[in-house]
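Asker: Here's a structure for you.
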Amino acid sequence: QDLPPLDPSAEQAQALNYVKDTAEAADHPAHQEGEQCDNCMFFQADSQGCQLFPQNSVEPAGWCQSWTAQN
């Protein structure tokens, strides 16, 4: 299933400071080097989806402040 890409200017994206490129978040206090969507527990590789944004896909190299390490 193809999900429409999440627009960083969308309200829910802005609420979590989502960016398409993790480098854009380097100055965010919660950001740590190496964190990006494709190594987050909420990322769904088969659809490039995210459990936090169920109606959209996210960039694998993106980031948001809810990033959580995969177990």
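Placed from the backbone N, Cα and C atoms, the Cβ positions cover glycine too.
According to Swiss-Prot, the protein carries these features:
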MOD_RES   GLN1  pyrrolidone carboxylic acid
BINDING   CYS37, CYS40, CYS50, CYS64  [4Fe-4S] cluster binding site
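What's the neighbourhood like for each of these?
Answerer: Taken residue by residue with DSSP, CYS40 ([4Fe-4S] cluster binding site) is part of a strand.
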Asker: Quick check: which same-chain residues outside CYS37, CYS40, CYS50, CYS64 lie with their CB within 8 A of the centre of the [4Fe-4S] cluster site CB atoms?
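Answerer: Here the nearby residues are TYR18, GLN36, PHE42, PHE43, LEU52, PHE53, VAL58, GLY62, TRP63, SER66, TRP67.
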Asker: In sequence order, what residues of the same chain, 6+ apart, have a Cβ less than 8 Å from the Cβ of CYS50 ([4Fe-4S] cluster binding site)?
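Answerer: Listed in sequence order, they are LEU6, CYS37, CYS40, PHE42, PHE43, GLN44, ASN56, SER57, VAL58.
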